[in-house]
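This report refers to the structure that appears directly beneath it.
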């Protein structure tokens, strides 16, 4: 599922959170959230930090490079595009 | 674990060992901005006695409630009613919610939504719209809603999509439209909906008055479920189809509100705070008001919100039942409406000693459809010329006159 999503993504894609979705930190619960019309997605672990880089200006390569700089030992070059592809498939990123 | 079972719903919280545990924060707030509505749907779950327009919270009061809700942990609000578009200051309320970081969804009949209004609401931060539909055929829809609104709804759907907002439809299901489920979904596809909530009627407030006319034949429900499963497979990835189960027919208690005072709260037009939209009658004068008390106290400590929180209030058969972790004992408002005692097991549950009350009604609903005869709310004076006062059999409804 994740590979099919990323293979169809345009190379110049600059991910940004969809307009109907609110990405915010929940200070009450201490977690990052995606707020949708009938759903709340709790972003666990590093997920919030990845979505925070989806500003519509960075392309996927720039997001990966930034995360690789922050987390030199993490497999970001494979996992991050797959994660972004899943969020695109859900309609949460555009 | 605790003392003797309670004998009624009048004991505020009862004796507890130590202080009650601090509840998790609420996720969502249902903001009922007005009870005024251009429709008089037979299935309306708002109370029989509605709040008057003059008693409504002002936009400033709503802004304060929304800020308090955000501080408490609320991240989503459904701006509903009645018809929230009747509030000329709706954009201010939307802006207040958005400013507090709360995701806003407008729940509307769509009547009187026009282009400028949509633009103003989007600018204020509105994120999503849920539109009610009564029936795919305009004449049948008018009979259910007590007013002709299909053309206005179609226009509203178009305006919402053109504004780039996600569109959800909400269809309350009952005897007169369960057989039209596929056509309802087709309507949603034609209108560009992302999601359709197919919500079997829950019998509260005004809907309880029309229960005999609304209750479906169990065969209708079975056919609708079959259709739903087929459509879900066909539309996977295109449209989300949500099914709200008919608890009477299923003989299964619903996990009402995800538990009393557990996930969300409702504030009514006059500022009454409720653990469930239908709880006004059950709580009576015990229902707290945001005009008198901080929302934080209401959520954490008020007798109204703590009374049925958790499991301490349960009696048998719930107390030792493994389903209590799934359905939380079912619906307190339904127990109250059907037995007069909110602490009894929900009579919709087949394990309830009162289940015979529900089973009898469902058995009586077996058989072919009869002409719909609904009792409508008195329409507002300005609507008197448009809304029918009496039900007519469906064959007399004239779709050709639909505006």
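Placed from the backbone N, Cα and C atoms, the Cβ positions cover glycine too.
Because the structure is a prediction, the values reported are computed rather than measured.
Residues or ranges marked as region 'Disordered' by TrEMBL: B:1-24 (among others).
Summarising the annotation, TrEMBL assigns compositional bias 'Low complexity' to B:1-17.
The domain 'Radical SAM core' annotation in TrEMBL covers B:23-238.
Annotated [4Fe-4S] cluster binding site per TrEMBL: B:37, B:41, B:44, in sequence order. Residue B:44 ([4Fe-4S] cluster binding site) falls outside any helix or strand according to DSSP and counts as coil. Cβ neighbour count for residue B:44 ([4Fe-4S] cluster binding site): 24 (other Cβ atoms within 10 Å of its Cβ, all protein chains included).
As annotated by TrEMBL, region 'Disordered' applies to B:364-403 (among others).
Summarising the annotation, TrEMBL assigns compositional bias 'Basic and acidic residues' to B:380-389.
All protein chains considered, the CB of residue B:41 ([4Fe-4S] cluster binding site) has 25 other CB atoms within 10 Å. Other Cβ atoms within 10 Å of the Cβ of residue B:37 ([4Fe-4S] cluster binding site) number 26 in total over all chains.
Taken residue by residue with DSSP, residue B:37 ([4Fe-4S] cluster binding site) is part of neither helix nor strand, so it is coil.
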